[in-house]
Amino acid sequence: MAHLRGFAHQHSRVDPEELFTKLDRIGKGSFGEVYKGIDNHTKEVVAIKIIDLEEAEDEIEDIQQEITVLSQCDSPYITRYFGSYLKSTKLWIIMEYLGGGSALDLLKPGPLEETYIATILREILKGLDYLHSERKIHRDIKAANVLLSEQGDVKLADFGVAGQLTDTQIKRNTFVGTPFWMAPEVIKQSAYDFKADIWSLGITAIELAKGEPPNSDLHPMRVLFLIPKNNPPTLEGHHSKPFKEFVEACLNKDPRFRPTAKELLKHKFITRYTKKTSFLTELIDRYKRWKSEGHGEESSSEDSDIDGEAEDGEQGPIWTFPPTIRPSPHSKLHKGTALHSSQKPAEPIKRQPRSQCLSTLVRPVFGELKEKHKQSGGSVGALEELENAFSLAEESCPGISDKLMVHLVERVQRFSHSRNHLTSTR
């Protein structure tokens with residue numbers, strides 16, 4: 001039960017079922033469920049995320065991180081956090097209920113007009129401007145992580161991989177986010193800063209215009225290789241020049257030349273095309289009508305089992321836990337201990353160090369091979385992809401490359417011994 005220590009002071013002596021009444025389930029992920037609920041004292045509608053910490057042991061740091069970041073935020077553009085309660089191994093996280101669904105939901109009935117897109121992007125930018133002023137990076141900006149209230153207010157959600165800036169940049173080897181929206185410098189594991197969120201915003205802008213991010217027809221692993229290598233995506237089709245220029249500004253491969261969130265709020269696409277957020281209720285109503293007609297019954301996420309229908313027949317929003325690449329515990333930047341906890345944080349999971357063969361064998365060999373290919377006029381693209389595959393494998397399983405090399409050497413030795421034995425018997 002060591003992994004529960006970090007949550008020891010999450011109101012563990014209070015029974016959350018006495019304080020809150022669970023209503024309809026509005027989302028389900030691998031390790032938790034989200035319910036619409038009522039605060040029994042204030043009668044306010046809330047969202048209740050219930051996570052079984054026994055089943056979610058590998059996600060403990062992400063959960064602590066989300067609680068820590070949300071508890072430090074005070075902005076109308078960030079999902080509000082009200083507190084958390086530990087009952088046995090179940091963690092109840094009480095958050096603001098946003099009944100308008102996600103920006104991804106609003107895309108499902110069909111394309112959005114630019115006025116809607118600009119208005120949503122303006123509110124995301126306000127949230128990013130606040131976060132960046134607090135020296136925080138979201139690191140997973142996408143339509144699924146943008147929630148709306150029933151009145152059309154737009155708020156950023158899902159802070160499980162948010163980072164805290166130290167000095168001006170996050171250190172290398174902090175590889176997090178969702179592949180299609182990930183900035184080139186994050187994939188290359190260079191040092192990066194809040195400009196990584198601006199790249200993700202540019203991809204989200206294309207997602208809002210097209211219904212999906214660029215390269216969505218490709219395998220995510222393939223996309224990780226292509227983003228650093230290819231030219232930045234562009235917004236194609238019959239869209240206004242200011243919209244295309246906005247996307248182009250966000251998707252500069254050199255983060256130094258990407259504008260800040262504050263600067264983008266002054267971009268002509270934002271200043272000319274936006275309306276009040278109450279205008280977005282038209283999209284929410286459109287989505288509810290579309291859903292009431294029987295559309296969208298199946299979950300679009302392989303990792304989510306979404307219960308879109310409320311038990312009383314009311315159309316509720318869909319809350320998802322979308323698949324995201326998380327940082328391994330040894331590379332966590334801002335390890336969030338439980339809020340108000342005076343005890344030691346949860347014991348970190350011991351991780352095997354990264355493979356030594358990466359620096360002593362893999363990189364030198366690939367360096368030699370690429371040099372030979374260049375001299376012969378060949379392309380080094382495939383070699384670069386294979387080399388990157390080693391780095392990606394190490395992120396999910398540190399030490400795997402050393403194990404592979406040991407196994408290969410053993411196989412070569414056995415093969416060599418077998419050949420020598422056959423030669424000597426002839």
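Note that Cβ sites are derived from N, Cα and C of the backbone, with glycine treated the same way.
According to Swiss-Prot, the domain 'Protein kinase' annotation covers 20-270. Taking the domain 'Protein kinase' (20-270) as a whole, pLDDT averages 87 in the prediction.
Classification of Asp140 (active site, proton acceptor) by DSSP places it in coil, neither helical nor stranded. Residues annotated as active site, proton acceptor in Swiss-Prot: Asp140.
Residues or ranges marked as phosphothreonine by Swiss-Prot on the basis of similarity to another entry: Thr174.
With a cut-off of 8 Å between CB atoms and residues at least 6 apart in sequence, the same chain places Gln151, Gly152 near Ser278 (phosphoserine), listed in sequence order. Among the features that Swiss-Prot reports, phosphoserine is placed at Ser278, with the record citing a large-scale study or a structure entry.
The region 'Disordered' feature in Swiss-Prot is assigned to 291-354.
Summarising the annotation, Swiss-Prot assigns compositional bias 'Acidic residues' to 299-314.
In the three-state DSSP scheme, Ser278 (phosphoserine) is classed as helix.
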